[in-house]
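Quick notes on the structure that follows.
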Amino acid sequence: MVDVVENESAFYSKAEQYWQEVPPTVDGMLGGYGNISSIDISGSKKFLQKFLGDGKGKTGTGCALDCGAGIGRISKRLLLPLFRTVDLVDVTQEFLDKARPYLGEEAKRVGNFFCCGLQDFQPQPDRYDVIWIQWVIGHLTDDDLVEFLRRCRGGLRPDGLIVMKDNVAYEGVILDEVDSSVCRELPLVRELVRRAGLQIIYEERQENFPEEIYQVHTLALR
C-alpha cells in the first residue's frame, strides 16, 4: 500500500476534512446507502451472537468499543442492545455530539465518547469484551492498522473478540480520492491481521447488499 498513499499526513487530514462536511445522519454515515442499515445490522447480530454467552471460551457482554462510530448507528442498533456499556470513538466531534440525542435514553450506558483518530487511539487495557471496527480500516495506513490492532488486542478482556467488518477489493488496493481511504483485497487484510499477532477465528461475507457496492466481509479476531 506504500505506493498508493504517498503522503501520510495528507491522507489523514483529507479524510478528516471529508467527514467534517458529511451530514450527521445514518445516510451520511453510509455514504448515501442508509437503506442498507437494517440488513447490515441483522447480519452483524447473527455473526456476533455466535460468540457471546457464558461458559468456557464464550465472549462476555460487559463492555464493547465502537470504532469509527460516527453518530452511533452500530452502537444504537447492535452493541447497546447486547452489552451493558459501550464506548464510542470517532475522529469527528460533530458526530459524537449528535450521538447523544441519536442514542436517546440509552446514551446513559455509554461509558466514553472519545474524539480521536484510530491511528492515535489507545484502548484502555483489559476493558473490552468486543471491539467492533466497521467501515473504517480503509482510513488507516497498513502500518497504522497493524499497530492499532495490536493495541486493540491489549484492550481485550479474557475471551474478548475484535470484529472487523469492511469493504474488500477484488484485487490489490484501491484508493478513494474523495474520502481519502483505501479498499484492500482480502489476502492483504489477512496478512495485516497476522502481522498484528492476531488469528482469524471466523470469517464470512455479508449477504444481500446491493451489487454495485464492494463485497463486505466480517472477520472475528483474537
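The backbone N, Cα and C atoms fix where each Cβ goes, glycine too.
Take the CB of ASP90 (S-adenosyl-L-methionine binding site) and look out to 10 A: across all protein chains shown you find 26 other CB atoms. According to TrEMBL, the S-adenosyl-L-methionine binding site annotation covers GLY68, ARG73, ASP90, VAL91, THR92, LEU118, GLN119, GLN134.
Around GLY68 (S-adenosyl-L-methionine binding site), a 10 Å sphere centred on its CB holds 26 further CB atoms from the protein chains shown. Ranking the binding-site residues THR92, GLN119, GLN134 by other CB atoms within 10 A of the CB puts GLN119 at the bottom.
Take GLY68, ARG73, ASP90, VAL91, THR92, LEU118, GLN119, GLN134, the residues named in the record as contacts for S-adenosyl-L-methionine: the widest Cα to Cα gap among them comes to 22 Å.
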